[in-house]
Amino acid sequence: MHNTAVILAAGLGTRMKSSRPKVLHHIAGRPMLAHLLAACKTAFAATVVVTGPDMDEVARAAAPHPTVIQRERLGTAHAALAAADHFGAGAVTLVYGDNPLVTGPTLQRLGARLGAGDAALVLLGTRPPEPGAFGRIIGPAGFAERIVEFADATEAERAVGLCNVGGFSAAAADMRRWLGNIGNDNAKGEYYLTDLVAVARAEGASVAVVEAPWDECRGVNSRAELAAAEAAMQSRLRAAALAAGVTMTAPETVFLAADTALAADVTIEPHVVFGPGVTVGPDVTIRAFSHLEGCAISAGAIIGPYARLRPGSDIGAGAHVGNFVELKAARLGAGAKANHLTYLGDAEIGPRANIGAGTITCNYDGFAKHRTTIGADAFIGSDVALVAPVSVGDRAIIAAGSVITDPVAADALALARGRQVEKPGRAAELRMTKGKR
């Protein structure tokens with residue numbers, strides 16, 4: 001049957017103190033909304049996102065999924081009802097856009113519990129280490145009779161550890177009806193999604209509870225909670241990498257993106273940061289204090305320490321990128337080496353080429369970027385400036401200190417620096433002259 005997820009993403013997130021919509025704040029290199037969309041993709045046939053007025057950025061981030069606008073912010077139930085035309089004929093699951101850590105398997109469990117047939121409504125619950133002001137789920141094991149807000153709870157109810165964190169599944173027809181029956185007789189005059197339980201129970205419906213780990217159910221309403229969610233996501237990503245055969249000598253200092261792809265037998269030293277779009281092949285070593293984003297690293301390469309790989313970098317098998325070396329939109333061929341203090345931008349470096357310390361590809365003329373091509377087995381001496389567009393042929397040698405502006409043929413030696421001049425005795429004369437003053 002066609003099942004649909006509805007992500008409620010219309011909130012302003014005022015406690016974030018940001019001009020950016022809350023669901024577009026990043027965790028592990030991608031917006032919170034993107035994490036939810038990825039989880040929903042594994043559990044539902046369709047996903048729709050509810051946004052608010054003037055939230056075009058959220059609609060663009062949700063594409064190609066459809067969006068609907070909650071014209072007035074009158075509460076979470078009102079937001080869900082705005083998407084009623086998208087519920088379809090199967091089951092529908094409502095999730096909050098600021099719960100980015102929930103996983104696809106947990107969402108699948110909600111649907112499976114609904115499919116068991118002994119409950120018409122299923123909600124997601126968790127047991128936080130500090131339940132605090134969360135609403136408590138009251139009922140026999142596995143079921144809910146009501147949700148009691150903390151302010152209204154008795155001491156006995158406050159002692160209950162099972163808390164409501166959002167996430168509701170029901171048949172589409174039931175969900176439409178129950179949402180329409182929720183009232184706004186409360187201090188704020190809003191329509192609250194948590195009242196679904198009371199409305200369903202008033203019809204005699206049974207309400208089941210699916211429990212999920214706390215680290216999947218963290219809400220993000222402030223910068224502090226965003227940092228806590230980031231820490232939880234990083235722990236999850238590190239654990240998955242370690243289980244897949246990656247070595248991290250100090251895992252707590254390594255920061256991964258949600259899409260970081262690490263092969264088995266990769267070794268990562270402390271204080272390495274992965275931005276989005278990094279793929280690392282087997283037997284690669286990434287040394288300490290390196291920063292990588294938007295790059296591909298082939299088997300057996302060695303990166304760092306203190307290396308920076310920027311978007312478009314492609315490191316060949318067995319290549320070396322050493323300390324204080326930066327690459328951007330550059331391919332380093334198999335076995336090539338750039339071991340010290342080098343910038344290679346918009347460049348193609350052939351296999352086994354050796355790039356000396358202090359080499360710079362001068363790729364920007366103030367108006368446009370230009371490419372540098374260095375052939376296989378070429379040797380670039382230290383402190384060389386390659387003024388693009390320029391090419392260096394296979395097996396060519398560039399003398400240290402050269403400024404290369406013209407093509408260098410294969411097997412050629414190129415020197416482009418002033419000739420050294422020596423004046424015997426002149427140093428002694430200068431000392432005498434300076435000393436008399």
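Yeah, the Cβs are placed from backbone N, Cα and C, and that goes for glycine too.
Record features (Swiss-Prot):
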ACT_SITE  HIS340  active site, proton acceptor
BINDING   8-11, LYS22, GLN70, 75-76, 96-98, GLY135, GLU149, ASN164, ASN221, ARG310, LYS328, TYR343, ASN354  UDP-N-acetyl-alpha-D-glucosamine binding site
BINDING   ASP98, ASN221  Mg(2+) binding site
BINDING   ALA357, ASN363, TYR364, SER382, ALA400, ARG417  acetyl-CoA binding site
REGION    1-223  region 'Pyrophosphorylase'
REGION    224-244  region 'Linker'
REGION    245-437  region 'N-acetyltransferase'
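It is ALA400, among the binding-site residues LEU8, ALA357, ALA400, whose Cβ has the fewest other Cβ atoms within 10 Å in the structure shown.
When each of the recorded positions ARG310, HIS340, ARG417 is scored by how many other Cβ atoms sit within 10 Å of its Cβ, ARG417 comes out lowest. Within the set of recorded positions ASP98, ASN221, HIS340, TYR364, the entry lying nearest in space to ASN354 (UDP-N-acetyl-alpha-D-glucosamine binding site) is HIS340 (CA atoms). In the structure shown, the C-beta of GLY97 has more C-beta neighbours within 10 angstroms than that of any other entry among the binding-site residues GLY75, GLY97. When the binding-site residues LEU8, GLY11, GLU149, ASN363, SER382 are compared by Cα distance to ASN221 (Mg(2+) binding site), the shortest distance belongs to GLY11.
Listed in sequence order, the recorded positions near ALA357 (acetyl-CoA binding site) (C-alpha within 10 Å of its C-alpha) are HIS340, out of GLY97, ASP98, HIS340. The binding-site residues listed here are ASN221, ASN354, ASN363, SER382; among them, ASN363 has the most other Cβ atoms within 10 Å of its own Cβ. A gap of 57 Å separates the Cα atoms of GLY97 (UDP-N-acetyl-alpha-D-glucosamine binding site) and ALA400 (acetyl-CoA binding site).
Within the set of binding-site residues LEU8, GLU149, ASN363, ALA400, the entry lying nearest in space to ASP98 (Mg(2+) binding site) is LEU8 (CA atoms). All protein chains included, ASP98 (Mg(2+) binding site) registers 24 other Cβ atoms within 10 Å of its own Cβ.
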